[in-house]
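Engineer: Pasting in a structure now, in structure tokens, and then I'll have a few things to ask.
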Protein chains: 2
Amino acid sequence: MAEEAAVRAQAETVRRLKQDKADADEIAKEVAKLLEMKAQLGTEEGKHKFVLKTPKGTRDFGPKEMAIRERAFKAIISCFKRHGAEVIDTPVFELKETLTGKYGEDSKLIYDLKDQGGELLSLRYDLTVPFARYLAMNKITNIKRYHIAKVYRRDNPAMTRGRYREFYQCDFDIAGQFDPMIPDAECLKIVHEILSDLQLGDFVIKVNDRRILDGMFAVCGVPDSKFRTICSSVDKLDKVPWEEVRSEMVGEKGLSPEAADRIGEYVQLHGGLDVIEQLLQDPKLSQNKVAKEGLGDMKLLFEYLSLFGITGKISFDLSLARGLDYYTGVIFEAVLLQQENEHVEEPVSVGSVAGGGRYDGLVGMFDPKGRKVPCVGVSIGIERIFSILEQRLEASEEKIRTTETQVLVASAQKKLLEERLKLISELWDAGIKAEMLYKKNPKLLNQLQYCEDTGIPLVAIVGEQELKDGVVKLRIVATREEVNVRRESLVEEIRIRTSQC
Amino acid sequence: MAEEAAVRAQAETVRRLKQDKADADEIAKEVAKLLEMKAQLGTEEGKHKFVLKTPKGTRDFGPKEMAIRERAFKAIISCFKRHGAEVIDTPVFELKETLTGKYGEDSKLIYDLKDQGGELLSLRYDLTVPFARYLAMNKITNIKRYHIAKVYRRDNPAMTRGRYREFYQCDFDIAGQFDPMIPDAECLKIVHEILSDLQLGDFVIKVNDRRILDGMFAVCGVPDSKFRTICSSVDKLDKVPWEEVRSEMVGEKGLSPEAADRIGEYVQLHGGLDVIEQLLQDPKLSQNKVAKEGLGDMKLLFEYLSLFGITGKISFDLSLARGLDYYTGVIFEAVLLQQENEHVEEPVSVGSVAGGGRYDGLVGMFDPKGRKVPCVGVSIGIERIFSILEQRLEASEEKIRTTETQVLVASAQKKLLEERLKLISELWDAGIKAEMLYKKNPKLLNQLQYCEDTGIPLVAIVGEQELKDGVVKLRIVATREEVNVRRESLVEEIRIRTSQC
């Protein structure tokens, strides 16, 4: 058998190499033709057209965007810390084989590094697989951690909708052998807290379980070998209508129309505890062992969520499938509900802003002895949240400060650069956030204008008279009020006057 | 001419394609041979040896390392903000051509991404070139910003000394047309503040100017074309003795022995204002226009630094050269001085922990019309600082907390999971950092032990009696004291008792 396969592989290789040769001849002809055309056009080699841009699907964050981004991060990190999470960080790239076989059909979107000698590397595709690698490598069986970092996907970018090739993920995961559904419920609580805190408008968190899906596929007559690929089809239901998904199942994936129709009935179901109870009574599903397990746990989960007081935003939804291969239990996804906003003419179409689930087998894939560490986690999709916050800020005309400077050190007359340098140095050393204009003799008007532009609330003005009197003139930008402050009290005065900022 | 070149290129292409075909035949034979060998050996496909590691020159940061890292970042960021900097972020990769021709001999260390169709990309090598690209692309002529992010170099890692292939840089730069040496002096003040604040021990900041170096090379008889390569040789003086550098100059780089010896005399000079004055009187150097300009500015810089009160840690050092091509004026580098430390047996050999300089031409390289934006900036080499802080912490036996959890919600009896869930949810919603064990019926001892292990200062214990009485038993872990707190006062009580943490 092995020999036969080898011979067949060899024959295939030779056939492909022959084809390559034929292609090469074709290419040679094309190249010759192009070179000829170029020669006729004349050469413009000297002028190299340099393209001034960031790579496709990526963007810079300027100071204003960063201020918005840091607001969102602050809300997310404080929630993760409120739940007692530690923080870790891993390299931006992993050995290529660390990522192999973890992402199913999405693997084609992984960025590889060029082979420059040494190891074969890929940019991380998410933070979950590096986390599992980290656990296995360090033999950690019990941790609650968050990780906020950029991940990379060679996807088709849709930047207006907040879909990029380089984007942040904010992940919170709980690893360890615990009693069922307690950590899972906490993950959903976290999503609820963050989305409420960020005031992104109404949202719903869809919940399902891979075991319920698998049981459903089994009782609908899907062959075992087709579970994952049919699952991928179901995953598209949030973007395309059932008819299209059905024809993919039957046409491309060879599922029987009867099985597809049975699935079609189940995936319409969504709701709360009532739907769980209904399915627990379902004559077919209740006979399936994994489905029953999943439904029992789903019931328990809803109990805990009701103690957390958040079932109002939770929907048990049989059409939720999630694309990634590694999920084994509860899965969930938070979507923003389209909202009417009077300020924004065209509301951003957003969709999923958080997702996650249980992956009890992933760490075992890395452990040399296959030891499993059960994990459940959530990932906040921050880019889409940025898009909304950005657009909202633009609409609101709120002026956002991009620095925290408390005071500008200014001078009223010429030849006072040295005095300004001395004073600002004193302020810096006392921990005051201070700036000055990098001019020898700046005009007072320009210095005041700079404060207006950047939102600096105070100006410390040195002048000949003030120096003689041992004072500094402190100007409050908002009111234009000016007071003389003794030099030794200046730091304290600035602190008091900016403490409410 | 152009036609002839095209024909020659075509001939070359055809020759190469023919070679490719020959290679393909060769490969086909090899493949066949290997397949045969494999068939004889029998198949062992199942057993794939997977290597569980991070890529060469990289590392994970666990919770403890992250706690140290965040301490250092906090000191650095608060300094950057104190000086009024905004913050920006750029993608981790750039178009390959953005990085081309910016790093001189170091270019070979750039990581390229694999060509997977689309643009050719490279991982960023520093934050300075992306900053210049950002300025040119957005036509910004005036900004003071910081940027903290990872950069990538395919260098030989020396991880015990804090040299990695993936490492953080913390950059602060001032871009804009200003009066001479004011922003340059601020950059040095920043290095001084950060190194003092982090208490890394004694340090010195070496300062020089590319214009002084160029003038020195000119008067020593180095041909113009050899300035940059001789500069690279001088740059090695902090690691290898003069004799070696001299023989590289003469042997490898073809400099005359006389010129080398003249350089050898200059590069021994270091000190303060006295050395600057001495060189301004130097019969040869004082005749050189650029050197004189550089020396004049160096004198001005020292005046400003003396107003900042930091000349004690500054050394004007003619042997400082810095490797990168893009510097045009002041350059500097901070090195830690080897210190005796009674706790540490083998002190970490560190060397440079910060560096920077003026690069007035870099932005112009990106601008389509070559418009220049003068820039000066500093980069803090945080990895080496981590190594020191890590080693110091290990030696000190200080226990570092990796979470901020204020209270553990615990139960004294069985069957109280629901009550714990209700209480912890109340606490989370009130902004209290709270944890609980993910067990249905955890033992009280285990819950208390968890607090000891992780440093949680308080335990909120629910029990049958407390529930009846409408109270929660609050235990202070350090003193083992227990007080009954009315449920409605619990949040306030926890806040008060943990406010000093």
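Positions of Cβ are set from backbone N, Cα and C atoms, glycine also.
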Engineer: Given that TrEMBL annotates A:D126, A:L127, A:T128, A:Q169, A:D173, A:R322, A:Y326, A:Y327 as L-histidine-binding, name the residue from A:R82, A:R153, A:R371 that shares the site.
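Structural biologist: Same L-histidine site in TrEMBL: A:R153.
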Engineer: Determine the Cβ neighbour count for A:Y327 (L-histidine binding site): the number of other Cβ atoms within 10 Å of its Cβ.
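Structural biologist: Excluding its own Cβ, A:Y327 (L-histidine binding site) sees 24 Cβ atoms within 10 Å.
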Engineer: If I take every residue in the domain 'Aminoacyl-transfer RNA synthetases class-II family profile' (A:33-389) and average their pLDDT values, what number comes out?
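Structural biologist: Over the domain 'Aminoacyl-transfer RNA synthetases class-II family profile' (A:33-389), the predicted model scores a mean pLDDT of 91.
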Engineer: Which residue among the binding-site residues A:T128, A:Q169 has the fewest other Cβ atoms within 10 Å of its Cβ, if you could check?
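Structural biologist: It is A:Q169 that, of the binding-site residues A:T128, A:Q169, has the fewest other Cβ atoms within 10 Å.
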Engineer: Under 8 Å between C-beta atoms and at least six apart in sequence, can you list the same-chain neighbours of A:D126 (L-histidine binding site), or say none if there are none?
Structural biologist: A:Y103, A:V151, A:Q169, A:D171, A:L324, A:S379
Engineer: Taking the Cβ of A:R322 (L-histidine binding site) as the reference point, list residues of the same chain whose Cβ is under 8 angstroms away and which are at least six residues distant in sequence.
Structural biologist: A:D235, A:I331, A:E333, A:G355, A:G357
